[in-house]
């Protein structure tokens, strides 16, 4: 092994073992690329403002070449920021040391000769891949207008405006539209080019010696483009009969081309409008913490959402039915039209990260079980509550990872039996939990960092807070439900308190638990 190869291997292992290096690179990725990062949100706003102001200043310099000290300083500042951003994106695009070590260790483990030249070529090829990407080219060209000695490079000033496509989701969507319809647009461009070339050639042949305003092929090309675009400046007008016929044909073909182009763009925008709206909704969801995702806004989902919304819970509704989501949005809820069984959708909704619970309330056991499986694969800690359609499927929910599974029909049957066998008790419970009295049953989950962890029940002073403890759910214990536990009962992480009382008293207890202090 040569000296240079040995040095490169040691340096690659040094980078791999450096925690500071990995933290720095991860921080840069979070700021520049992570869609759910607040740092990226603030960075994007800063860059949009910087790009707009720098473009305005550079436009000001066109008429005022002498400039101003403050203007010059700002232009240099923006230049430094753009260069730093370009270099950081170049750095985080790939992990060169990991690629180096993969090839080195593969060669060592398989007793093969290690080629430093081929490895470096692969690393450079990966970086060149970034340099030649469209957004990287725009970033590079956006830097060039700042070099004062090269005045002709000011033409690249427009590329600073194109940088805005990197920081705005709506602009990214527009770019996606162009990309998706590139075949149709390319076909239309070929047709338009053929028509323009034919029209300019014809007008050049017919008008050159008859029309003093058409002396070169460029004049004919200019006229053909203006005519086909139906602009009609009137600076060049055909004077021969043949030229007039060419003009009429170009106008008709121009209208047809513009109509075709408009139909392509409009149809694409119609398909993307829902995505644009969802993009804004996902941006709102990214700002939420500790919220509940309700899958399905049918009879059960609607009732559950109504009660939780009235109790002040943050909710996100997801359903395939556009009409149901519109109804949820009219009631002040965040609603997404999507398939809740898809892992990508649940991941974008924050399941496994910011969402604390998910309720599967669709009208299908198969769909509810699949949503449960998907949610559990994304997070081991999230609380999953599932609606059971047929009681014979209840066991499948727990096998899929549900924390709780309930059957609306079974609950209604139990309530009916209670009314027949114990009508007085039923009436008393019904009166207590209706909105007339304001008394409700509610759950208080004990999270990992909650104040009530490792605290005895007597320290909560529930009676002084006008609350009654009905029981505690502890899944790992037998039995899982502790009815009327003793005052010395010690709370643990993931316990759920079932309390009864007025809403504002329960909310006070919940805030104390979340804030981590008894006040």
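Glycine is treated like the rest: Cβ placed from N, Cα and C.
Database features (TrEMBL):
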type	residues	note
DOMAIN	289-412	domain 'RCK N-terminal'
DOMAIN	429-515	domain 'RCK C-terminal'
TRANSMEM	41-62	transmembrane segment
TRANSMEM	74-93	transmembrane segment
TRANSMEM	185-205	transmembrane segment
TRANSMEM	220-237	transmembrane segment
TRANSMEM	244-266	transmembrane segment
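Between the transmembrane segment (185-205) and the transmembrane segment (220-237), the number of CB pairs under 8 angstroms, six or more residues apart, is three or more, so the stretches are in contact. The stretch in 41-62, 74-93, 220-237 that contributes the largest number of Cβ pairs under 8 Å to the transmembrane segment (244-266) is 220-237. Shown for the domain 'RCK N-terminal' (289-412): DSSP residue counts in helix, strand and coil, namely 56 helix, 29 strand, 39 coil. Mean pLDDT for the domain 'RCK C-terminal' (429-515) in this predicted model: 79.
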